[in-house]
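Taken straight from Swiss-Prot:
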type: DISULFID; residues: Cys77-Cys93; note: disulfide bond
type: ACT_SITE; residues: His92; note: active site, charge relay system
type: CARBOHYD; residues: Asn104; note: N-linked glycosylation site
type: BINDING; residues: Glu119; note: Ca(2+) binding site
type: ACT_SITE; residues: Asp142; note: active site, charge relay system
type: DISULFID; residues: Cys176-Cys246; note: disulfide bond
type: DISULFID; residues: Cys207-Cys225; note: disulfide bond
type: DISULFID; residues: Cys236-Cys265; note: disulfide bond
type: ACT_SITE; residues: Ser240; note: active site, charge relay system
type: DISULFID; residues: Cys311-Cys341; note: disulfide bond
type: DISULFID; residues: Cys365-Cys384; note: disulfide bond
type: CARBOHYD; residues: Asn415; note: N-linked glycosylation site
type: DISULFID; residues: Cys431-Cys458; note: disulfide bond
type: DOMAIN; residues: 431-543; note: domain 'CUB 2'
type: CARBOHYD; residues: Asn451; note: N-linked glycosylation site
type: DISULFID; residues: Cys485-Cys506; note: disulfide bond
type: CARBOHYD; residues: Asn530; note: N-linked glycosylation site
Amino acid sequence: MLISRNKLILLLGIVFFERGKSATLSLPKAPSCGQSLVKVQPWNYFNIFSRILGGSQVEKGSYPWQVSLKQRQKHICGGSIVSPQWVITAAHCIANRNIVSTLNVTAGEYDLSQTDPGEQTLTIETVIIHPHFSTKKPMDYDIALLKMAGAFQFGHFVGPICLPELREQFEAGFICTTAGWGRLTEGGVLSQVLQEVNLPILTWEECVAALLTLKRPISGKTFLCTGFPDGGRDACQGDSGGSLMCRNKKGAWTLAGVTSWGLGCGRGWRNNVRKSDQGSPGIFTDISKVLPWIHEHIQTGNRRKSSRAWCSEQDVIVSGAEGKLHFPESLHLYYESKQRCVWTLLVPEEMHVLLSFSHLDVESCHHSYLSMYSLEDRPIGKFCGESLPSSILIGSNSLRLKFVSDATDNAARFNLTYKALKPNYIPDSGCSYLTVLFEEGLIQSLNYPENYSDKANCDWIFQASKHHLIKLSFQSLEIEESGDCTSDYVTVHSDVERKKEIARLCGYDVPTPVLSPSSIMLISFHSDENGTCRGFQATVSFIPKAGKKIELPTLWFPVLILVM
C-alpha cells in the first residue's frame with residue numbers, strides 16, 4: 001500500500017462526502033455483513049485531510065473481511081470474504097491454475113510477520129474465474145471466486161463484507177477505502193502490517209481520458225478508476241485482489257471494487273508526456289458490473305434461507321437459470337404477524353424472467369399481499385386472492401418480490417417457479433403469458449400477417465419510467481368489425497385493473513395514435529369463434545412528460561386471466 005506524501009490537494013468533493021461520515025453512523029447490532037470493530041471517527045476538517053494525504057496502518061479488526069492469499073506462506077494477493085465459504089479476489093492472482101494447490105487463504109490476518117490471535121487458514125476447494133477474463137486483456141473482468149475447503153468462523157476479527165444491492169452504485173467523488181499488505185513504495189518491500197488509504201472514485205470520462213494518454217490505451221467494460229491526478233496515494237503490488245470498500249447508506253462497508261491494476265504505484269497522470277514516467281489511476285473491477293455473475297455462483301447464508309418463514313426486512317438473493325420459491329417452505333410453518341419479506345430474483349444477463357404460480361392463498365390486498373417490482377424498482381402490481389394468476393413474462397433479467405403480512409393473517413402462502421427465457425421466446429404475440437415490458441417496441445397479433453386464431457386472449461402491459469406517457473401507434477388494423485366492437489377487438493387501458501378504458505378498436509381503418517395519461521398501458525386482444533382476419537401491428541413508444549407519482553397497481557385475480 002503506497003503511503004508516500006504529496007502536496008495538499010483540496011477537493012470539494014472530499015469535503016462534501018466526508019461530512020456525511022459522522023459519529024452518528026451506526027451499524028446493525030445483529031451479526032451481519034460490513035461490520036468492523038473499529039468505530040467511525042467523528043468528522044473534522046483536519047482529520048479528513050490527514051487521512052487522505054497518506055496511507056496509514058490500520059487498527060486490528062478494522063476490516064475483518066480482508067484475507068491474505070498465500071503461496072507457501074508468502075503473501076501474494078488480497079481478497080474479501082463475502083460468506084463463510086466464499087472469497088472474492090482478482091482473476092490475475094490465480095490465472096496460473098498450477099499454483100492453486102499451493103495456495104492458502106488466511107482470514108483474521110493483521111501482521112504478516114507473526115501468527116495473530118484469531119487467524120484462520122483454509123485451503124481452496126474451487127476456483128471460478130470469470131469466463132470473460134483473458135490474460136491478453138487482464139484489466140477487464142478481473143475477478144475470481146474462491147470456495148474454501150471448509151468455512152470461516154465469524155467473530156471479532158473475521159467476518160464478511162456486504163455485496164452491493166442491485167443497481168446500488170457509488171458515484172464519482174465518493175471517497176472509498178482500499179487496504180492491503182502491498183508495497184509501501186514502488187519497487188519497495190511488502191508491508192508487514194495491514195495498511196489503508198482513502199481514494200475518490202473518478203468519473204468514467206476522467207478515467208477514459210487518463211487511460212487514453214498511455215502508450216497502450218486500455219479499454220474495458222467492467223472497471224472503475226480511483227485516485228488523484230497528481231498521484232501520491234494508491235494501491236501497489238501485493239494489494240491485488242483486495243477490496244475497494246465504501247460505506248452504504250446504512251453505514252455498512254460494501255464491496256465496490258476488486259483491486260486490479262495500475263501503471264506504477266502512486267504515479268500522477270496529469271502530465272503523461274514522458275513515456276517512462278507515465279502513471280494511471282488505480283483500476284478496480286466494478287462489482288456492480290458483475291454482480292449477477294457473483295450471485296449465480298455463490299450460495300450465501302441468506303440465500304439458503306430463501307424460503308424461511310420469518311424473514312422480516314431481509315433481502316434474499318435467489319438466482320440461477322431456473323428455480324422455485326415456496327413461502328413458507330413447509331405446510332407446517334407459519335410466519336409471524338406484521339412481517340415483510342423481500343426476494344430478488346436474478347437470471348443470467350440478457351435473459352427474461354418467466355414466473356409461474358402453482359399455489360396462491362393470500363387474503364385481500366388491503367391486509368396481506370405479494371407485490372412485484374421490475375428492474376429499476378418500477379411497480380408491476382400486487383397479487384392476492386386464491387385464483388392462480390397466469391404465467392407472467394418479465395422483460396428484464398431481475399425481479400423483486402415483496403411479501404407483506406398484517407397483524408392477523410399468518411396462514412397465507414404461495415409457491416412459484418421462475419425460469420430464464422431468451423427475449424422473444426414467444427415472439428410478439430402476448431398470448432402465451434401475461435407479458436410485462438419496460439422498453440419501447442413492436443407488438444402484433446398472433447400469426448401476423450397471417451390470420452389470427454379463434455378464441456384468442458392476449459395481453460401486454462407496458463410500464464414506462466416515471467414522468468413518461470405511453471403512445472400506441474398502429475401500422476395496420478384488420479379485425480372483424482362489429483357495431484360495438486364486442487366480437488373481435490383491441491382494448492387499451494391506462495391501468496391493469498381494466499377500469500380505465502381509453503380505446504376499443506375493430507374494423508379495417510388504421511386509427512389515430514392512442515395516448516395513455518399514465519406510465520402504464522394495458523393492451524388486450526380478443527377474438528371469438530366466428531371467423532378471423534389478419535389482425536394488427538403497432539409500435540409502443542414512451543414520451544417524456546412531467547408526471548405524477550406512479551401508484552402501485554393491484555392485480556385482482558382472476559381478472560387478468562389468459563385463455564388460449
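Placed from the backbone N, Cα and C atoms, the Cβ positions cover glycine too.
The structure, with features from Swiss-Prot marked on it.
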| residue | record | DSSP (3 states) |
| --- | --- | --- |
| Cys77 | disulfide bond | strand |
| Cys93 | disulfide bond | helix |
| Glu119 | Ca(2+) binding site | coil |
| Cys365 | disulfide bond | coil |
| Cys384 | disulfide bond | strand |
| Asn451 | N-linked glycosylation site | coil |
| Cys458 | disulfide bond | strand |
| Cys485 | disulfide bond | coil |
| Cys506 | disulfide bond | coil |
| Asn530 | N-linked glycosylation site | coil |
Cys384 (disulfide bond) to Asp142 (active site, charge relay system) - Cα separation in whole Å: 44
Within 10 angstroms of Asp142 (active site, charge relay system), Cα basis - recorded positions out of His92, Cys93, Cys225, Cys246, Cys341: His92, Cys93
Densest Cβ neighbourhood among Glu119, Asp142 (recorded positions), 10 Å radius: Asp142
Integer Å distance between the CA atoms belonging to Cys225 (disulfide bond) and Ser240 (active site, charge relay system): 14
Stretch-averaged pLDDT - the domain 'CUB 2' (431-543): 88
Three-class DSSP secondary structure - Asp142 (active site, charge relay system): coil
Fewest other Cβ within 10 angstroms of its own Cβ, chosen from the disulfide-bonded residues Cys365, Cys506: Cys365
Rounded to the nearest Å - Cα separation of Cys458 (disulfide bond) and Asn104 (N-linked glycosylation site): 57
List of residues, in chain order, with Cβ under 8 A from that of Cys225 (disulfide bond) and at least 6 apart: Ile201, Leu202, Glu206, Cys207, Ala210, Leu211, Pro281, Gly282, Ile283, Phe284
Rounded inter-Cα distance in Å - Cys93 (disulfide bond), Asn451 (N-linked glycosylation site): 60
Fewest other Cβ within 10 angstroms of its own Cβ, chosen from the disulfide-bonded residues Cys77, Cys246, Cys341, Cys458, Cys485: Cys485
Cα proximity to Cys176 (disulfide bond), best match among recorded positions His92, Glu119, Cys341, Asn451, Cys506: His92
Candidates Cys77, Glu119, Asn451, Asn530 (recorded positions) with Cα within 10 Å of Cys485 (disulfide bond): none
Candidates Asn104, Cys246, Cys506 (recorded positions) - the one closest to Asn415 (N-linked glycosylation site) by CA: Cys246
